[in-house]
């Protein structure tokens with residue numbers, strides 16, 4: 001059964017569901033100590049279960065992001081995935097992005113859905129100074145077209161007063177398989193109901209992006225950001241050059257290649273809201289980060305009746321590179337049986 005659980009250390013409060021390991025609410029203080037919920041979402045689990053959320057707050061997998069034409073070859077076998085974002089597979093799963101409002105017309109022998117649309121088991125839920133919750137899911141061979149059984153765990157922990165850590169692990173049991181999990185929360189540090197994030201500033205510790213074709217799939221090229229609208233190597237407003245980006249806004253994978261390290265994780269991004277002075281520093285073990293400015297969100301009615309529009313939030317999805325399974329020059333996302341996939345993220349909130 002889909003349920004909501006709370007992590008609360010007296011300063012920050014997080015609500016998370018076993019449905020898709022979804023963060024439905026996360027409240028942190030501003031410069032005056034005033035709490036606000038800084039993630040887009042719904043008041044109850046109903047809309048998530050009905051597929052009304054464009055991946056709000058969930059963990060996506062077995063493979064996040066786009067796979068070109070929904071196809072790949074591994075160990076000499078051709079695999080075909082649901083084409084849920086024609087002509088490609090996006091984030092795994094049969095449901096096309098809900099905010100496009102188009103019904104899926106995929107037919108095939110796939111069972112289940114992506115990790116974001118299944119109920120995970122609650123393995124452990126701890127209270128106290130460093131509250132945490134651990135979710136487990138056993139993904140079967142052939143689920144969504146992917147090879148082999150995989151055991152997956154995800155643990156959210158409030159490691160300090162205003163820091164949350166996410167540790168994701170997955171072990172293929174009997175076949176090599178691509179694995180690439182991503183946390184898909186939409187952030188708005190001014191508060192989920194405060195309009196667009198174009199005034200937020202961001203710094204991204206990536207000197208390269210992986211440019212995309214007309215269907216938002218990486219071409220295989222690794223392009224320096226210098227002198228382009230993708231250059232956030234120094235802090236600047238998200239809205240500064242967004243109109244120069246082809247398409248509807250940012251939806252691009254950054255190569256995280258220049259960040260300092262802490263606790264074995266590298267600095268991926270620093271997001272800042274000028275109105276509340278809230279800051280989010282994100283650290284990760286992943287090689288890339290999809291920077292997505294909620295380009296397709298259009299009139300989604302969320303918490304407290306707030307209407308979320310285009311650019312109403314920003315996603316900082318650390319991950320392996322999109323379509324890596326078909327790009328030999330990208331870091332491999334294939335994991336062998338008995339090996340362990342590990343991906344950790346540290347969300348550090350502050351004010352400045």
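Using the three backbone atoms N, Cα and C, a Cβ is placed for every residue, glycine included.
TrEMBL labels come from automatic prediction, so no person has curated them.
Annotated in TrEMBL:
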BINDING   65, 66, 184, 185, 186, 251  beta-D-galactose binding site
ACT_SITE  184  active site, proton donor
ACT_SITE  317  active site, proton acceptor
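Overlay of TrEMBL feature records on the structure.
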| residue | record | contacts (Cβ under 8 Å, 6+ apart) |
| --- | --- | --- |
| 65 | beta-D-galactose binding site | 90, 91, 180, 182, 253, 290, 317, 319, 322, 323 |
| 66 | beta-D-galactose binding site | 85, 88, 89, 90, 215, 216, 217, 322, 323 |
| 184 | beta-D-galactose binding site | 55, 56, 57, 58, 59, 60, 64, 91, 116, 315, 317 |
| 185 | beta-D-galactose binding site | 23, 26, 39, 40, 56, 57, 315 |
| 186 | beta-D-galactose binding site | 39, 40, 56, 57, 294, 297, 308, 312, 313, 314, 315 |
| 251 | beta-D-galactose binding site | 212, 216, 290, 291, 292, 293, 295 |
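Over all protein chains present, the Cβ of residue 317 (active site, proton acceptor) has 25 other Cβ atoms lying within 10 Å. Binding-site extent for beta-D-galactose: residues 65, 66, 184, 185, 186, 251, maximum pairwise Cα distance 18 Å (rounded to the nearest whole number).
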